[in-house]
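Some features that TrEMBL has for this protein:
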TRANSMEM  28-49  transmembrane segment
DOMAIN    41-290  domain 'G-protein coupled receptors family 1 profile'
TRANSMEM  61-81  transmembrane segment
TRANSMEM  101-120  transmembrane segment
TRANSMEM  140-158  transmembrane segment
TRANSMEM  197-216  transmembrane segment
TRANSMEM  237-260  transmembrane segment
TRANSMEM  272-292  transmembrane segment
Amino acid sequence: MVPRNLTHVSGFLLLGFSEETDLQPIIFGLFLSMYLITVFGNLLIILAVSSDSHLHTPMYFFLYNLSFVDICFTSTTIPKMLWNIQTQNKVITYEGCITQVYFFTLFVGLDDFLLMVMAYDRFVAICHPLHYKVIMSAQLCGLLVLVSWVINVLHSFLQTLMVLSLSFRREVIIPHYFCELKQLVQLACSDTFLNDMVMYFATVLLGGAPLAGILYSYSRIVSTICEISSAQGKYKAFSTCASHLSVVSLFYCTCLGVYLSSGATQSSHSSATASVMYTVVTPMLNPFIYSLRNKDIKTALKAFFRTMIKTPVVLS
C-alpha cells in the first residue's frame, strides 16, 4: 500500500519534554522566562547599536544582525511550544510544521554565518589594524550580511521543497518540541536517500566552512597576539574578541553536545532537552556575554535611558 501524503493529514503530534501534567506549569514558566529574557536582552543590544552613532562600526553592525537573528531563532519554536502547553494540545498543523522547518533551518544557518563574519572582522582588526577601515568598508559589511541571507534562504527553501516531496503515514508523532528537519526526514515512509545526501553535503559545506573560517581567523589572531611584546597590548587585543570567542565556543560546544547526545541515546526527551542548549540557552546568554564584557554597549544603554528619562512627555 502506498502511504498517504501528509497533506491529507491535519497535523503532527509533538511529544515535547514531558507528558506529566504536574510538570507542565513549571516547563511553561521556565521557557516563558527564558524567551522573554532572550527577546528583551537582544532588543537592548539592537537599541544600543541603533541609538549611539559611536557604535555604527562593522563589529556592532554584525552584532546588531546577530541579535535580530537570535530573536527570530527562538521565536520560531518557543511560542508554539508555549501555546501547546497552555492549550494542552500537542498538535501542530502540516503547514505550521513546514514553516518551522524552513525558518529554523534559515536562522540556525544565519547564526553560523554571522559568527564566521564576526570572526573575520576581528581577524582584520587585530592582524591588519592599519587597513581595517579600508578593508571593512560599509559596502563589504553589507555584502557579507546579504550573501549570508541569500545563501541560507536558498538552502532553507531547497530543504523545505525536498521535505514537501516526502510521504508520511497518516499519524506522525515527532519526538521533539518542534519540527526539526532531520527527525522529520527520518519519520518519512518514502525514500529519503536524496534528502539525506543533501543534508549531509549542506552540513559539510554550510556548517563546516564557517567553522573552518572561524578556526583559521582565530589561529591567525592568536599568532598575532603572541607577537605583541607588551602585556598590556596583548590584553587589549584579546579583550576585543573575548566576547565573540565566548559566543562561538558556547554555540559550537552546545551543537556538538546535541549531536553526540543524540548519537549516544535514543531517548526522545534527552534529545529534546539537549537541543534546548543551542536553540534557547545560547541566544539567551549572548546579550549577557556582550553587554557585561562590553563598556560601549553599557555606555550606550545608559545614555539612551538617561535621554528617555529627561525627555518631557508632550500631551496633545
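Here, residue 1 is simply the first one shown, and the rest follow in order.
Every residue gets a Cβ built from N, Cα and C, even glycine.
Keep in mind it's a predicted model, so treat the numbers as computed, not measured.
Below 8 A, the CB atoms of the transmembrane segment (272-292) and the transmembrane segment (61-81) form 3+ pairs separated by six or more positions in the chain.
Model confidence over the domain 'G-protein coupled receptors family 1 profile' (41-290) stands at 87, taken as the mean pLDDT rounded to a whole number. For the transmembrane segment (197-216), the residues of the chain that approach it from at least six positions outside its boundaries are 109, 112-113, 115-116, 119-120, 151-152, 155, 158-159, 162, 181-182, 185, 248, 252, judged by C-beta separation under 8 angstroms.
Same-chain neighbours of the transmembrane segment (237-260): 111-112, 115, 118-119, 122, 125-126, 211, 214, 218, 221, 224-225, 228, 271, 274-275, 277-278, 281-282, 285-286, 289-290, 293-294, counting only residues six or more beyond its ends whose CB sits under 8 Å from a CB of the stretch.
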